[in-house]
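Structure first, then comments.
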Amino acid sequence: MISTKTTLAGFEFDNCLMNAAGVYCYDAAELDQMQASKAGTFVTKSATLQARTGNPEPRYLATPLGSINSMGLPNHGLPYYLDYVSQQQIAVPNKIYFQSITGFNIDEDEQLLAQITASDFKGIVELNLSCPNVPGKPQTGYDFETVERILTRVFEVYQGPLGIKLPPYFDIVHFDQMAAILNQFPLAFVNCVNSIGNGLFIDAATETVTIKPKNGFGGIGGDYLKPTALANVHAFYQRLKPEIQIIGTGGVKSGQDVFEHLLCGASMVQVGTALQKEGPLIFDRLTAELKTIMQQKGYTQIADFQGQLKHLD
Ligand code: RRO
């Protein structure tokens with residue numbers, strides 16, 4: 001018997017695969033489809049204090065090799081998602097869910113966490129420090145001092161299991177500096193990575209940008225992202241204390257991609273662009289493909305190879 005079970009933050013999940021925040025998690029109809037899928041669990045769309053309509057459309061484009069988006073945080077507001085998760089906790093009580101949140105400053109983060117504490121939420125919080133698409137708001141994850149300040153406050157006010165979603169980093173010194181900050185905190189996980197911020201996908205025929213917000217600039221996902229995602233997963237796996245687990249996100253569209261994320265050190269793997277393209281049935285295919293690879297290699301559980309990437313020295 002081959003198992004794709006995993007453990008994160010002390011909780012067991014039947015499958016190591018789930019959606020990436022922002023995909024199939026905007027409303028109850030989408031989350032119902034995630035809940036009915038082969039995924040081990042789901043994460044909600046990043047929730048803000050107030051509901052938001054997001055940026056003007058068109059704001060998402062699937063490209064031959066991935067996607068570009070500038071959604072601008074459309075969401076129903078935190079109470080909507082807490083209410084949905086609360087219902088699922090009753091309907092399927094043995095499953096643990098992720099609530100993604102993002103405040104526009106430390107006080108908002110604190111208010112969001114206070115709402116979660118006051119609710120009956122029993123799951124894991126993913127604090128998004130890396131939204132690339134709100135005009136005038138830089139990605140928090142690139143401001144190292146602010147990350148440290150936010151996490152200091154977060155762990156003063158919140159007692160439950162909590163991790164963060166990071167943007168991709170591109171320099172070894174940045175991996176070192178960020179890891180040194182993160183190791184000071186009782187984080188349950190770090191999720192590497194969000195989309196590569198502010199790419200540009202253009203249409204040569206019409207000589208125009210392809211999405212409307214920010215003159216066409218948007219977050220890049222899919223095939224373009226995988227090598228960067230794997231580098232971030234592995235870099236943080238090597239640098240973070242073992243209590244901080246890694247969620248791998250970026251460029252996953254096959255069982256081999258899942259295998260590679262796990263090999264680089266991920267404990268759980270999220271699917272964004274490919275889930276948007278294929279729908280939640282993708283989890284059946286990815287799980288079957290991962291099991292085939294494990295069988296060919298003689299592995300029966302994720303622990304047999306997780307983080308075991310070999311170096312050439
Ligand atoms: O909503 C978005 O535009 C968005 C978010 Br919050 C994010 O974290 N990452 C992304 O690619 N898009």
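Every residue gets a Cβ built from N, Cα and C, even glycine.
When the candidates Lys95, Lys165, Lys297 are compared with the FMN site entry in TrEMBL, which names Lys45, Ser46, Asn128, Val193, Gly222, Gly250, Gly251, Gly272, Thr273, the shared residue is Lys165. This prediction places the mean pLDDT of the domain 'Dihydroorotate dehydrogenase catalytic' (5-294) at 98. Once the Cα atoms of Lys45, Asn69, Ser70, Met71, Gly72, Leu73, Asn128, Asn194, Ser195, the listed binders of substrate, are compared pairwise, the greatest separation found is 16 Å. Screening the recorded positions Gly72, Asn128, Cys131, Val193, Gly250 for a C-beta under 6 A from any atom of ligand 1 leaves Gly72, Asn128, Cys131. Comparing local CB density within 10 A for the binding-site residues Gly72, Gly250, Gly272, the maximum falls on Gly250.
The Cα atom of Lys45 (FMN binding site) lies nearest to that of Gly72, taking the binding-site residues Ser70, Gly72, Ser195 as the candidates.
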